[in-house]
Amino acid sequence: MAKKKEGCCKKFMKFLFSHVGLCVLVALYCVAGGFIFRHLEQNNENEGNANKDVMTIQLKSILETFRDNSIAIGYGGDSCGDYGKEGGPPYKWSFPGALYFSVTVISTIGYGHIAPKTFWGRLVCIAYAMLGIPLMLLCLANIGEVLADIFRFIYAKICCCGCCRKKDKTKVVQIKPVAQEPNWNSDKSKIITAAPPMGTSEFTKIPPKTPDSVKGSDDGKPVKIIPLDIRSFKTQQELANRSQQVRGEPMIMDDDSDDEDDDLDEKKITVPLTVTMIVIAGYILGGAMLFGLWETWDELQSAYFCFITLSTIGFGDVVPGTDFDNPQQTAQLILGAVYVLFGMAILSMCFSLMQDEIIAKCKWVGQKLGLVDKDED
């Protein structure tokens, strides 16, 4: 039983820290945060509006100050007693609003348009952020590497249009004929009548003392040569004829070392910075069009919001889902949270690709300047 429990625990931990497990864990963490913060802050929002009578008396005495302050805080004159009721203003701390707040916390965006005001809400927010931010960064790093590999593969196979083709593994080597043909009939004892089975073997390059004996094998790479099985010839004359026939013809060799070169060529493929910048710009423009349709923002305001959000600056001056009269507010908040999470993964992918490209460029410049050895990894 103990071994079964230990095996189940290992399988569970392996799944938990896999790509799918991390994504599920982040999603469940955000959902749990939505429930927690809604429970902690919604009651306070309701109780804070219960002192409407006292607030009205104070507002009558300072009418002019209230006018200025109401404009500053964006007070629209909604009836505070109708919060959460049909026809009344919705809660800011509804589940979609709390879910969106949880996403902005663990992604370090932090708009500030909605924030906990209770003691327990602020305390739980600190603990929630301390656990959620490392989890979010781990998930983004993991997903970013996977997306970068996928994008690099697509770029190499489609965008490069076959520029990075594999090398031809077949090498033709010209063997120079010997000065004098051996006399096969002079000494019959030199002919091997029985030999063990011969397989393929590895040969290195010809030593430097005979540089002209083989053409085309001066690169030092091991080549595979298929030997001739002389047992297939029945008579000495057939062997002599075969030797005369192949003399002077090129020999075809299979160079296995090219397999390693092909792997290195695929590893050296990097995506240009312009392509990654186009991907980022395309995602921002796509989000700008989407939020422009939802929130009736102009193009600049929508693009401004997407950039400030994905760069985790998060000023909070432009936030979706604040129009309480919009019946699609809930769907907009949830889709906005999805846009933020997926956008962070796209940025992580692009940063990984940009890092590889910058490192490759720096190595190339260092090699040209003689600061880095070409054989150095």
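Each residue, glycine too, has its Cβ placed from N, Cα and C.
Not measured: the values here are computed from a predicted model.
Marked as transmembrane segment by TrEMBL: 12-37 (among others).
According to TrEMBL, the feature domain 'Potassium channel' maps to 91-147 (among others). Taken as a whole, the domain 'Potassium channel' (91-147) shows an average pLDDT of 91 in this prediction.
What TrEMBL records for 93-111 (among others) is transmembrane segment. Residues 26, 29-31, 33-38, 41-42, 45, 125, 128-129, 132-133, 135-136, 309, 312-316, 319, 321, 329-330, 333-334, 336-337, 340-341, 344 of the same chain, all 6+ positions outside the transmembrane segment (93-111), place their C-beta atoms under 8 angstroms from a C-beta of that stretch.
Annotation comment: TrEMBL describes 123-143 (among others) as transmembrane segment.
Under the heading region 'Disordered', TrEMBL lists 244-263.
TrEMBL lists 252-263 with the feature compositional bias 'Acidic residues'.
As annotated by TrEMBL, transmembrane segment applies to 269-291 (among others).
Residues or ranges marked as domain 'Potassium channel' by TrEMBL: 279-357 (among others).
Residues or ranges marked as transmembrane segment by TrEMBL: 333-354 (among others). For the transmembrane segment (333-354), same-chain residues at least 6 beyond its ends with a Cβ under 8 Å from one of its own Cβ atoms are 26, 30, 96-97, 99-100, 103-104, 107, 109, 136, 140-141, 143-145, 147-148, 151-152, 270-271, 273, 275-277, 279-280, 283, 287, 290-291, 306, 309-310, 320-321.
Under 8 Å from some Cβ of the transmembrane segment (123-143) lie the Cβ atoms of residues 19, 22-23, 25-26, 29, 33, 36-37, 40, 102, 105-108, 116, 344-345, 348-349, all in the same chain and six or more residues away from its ends.
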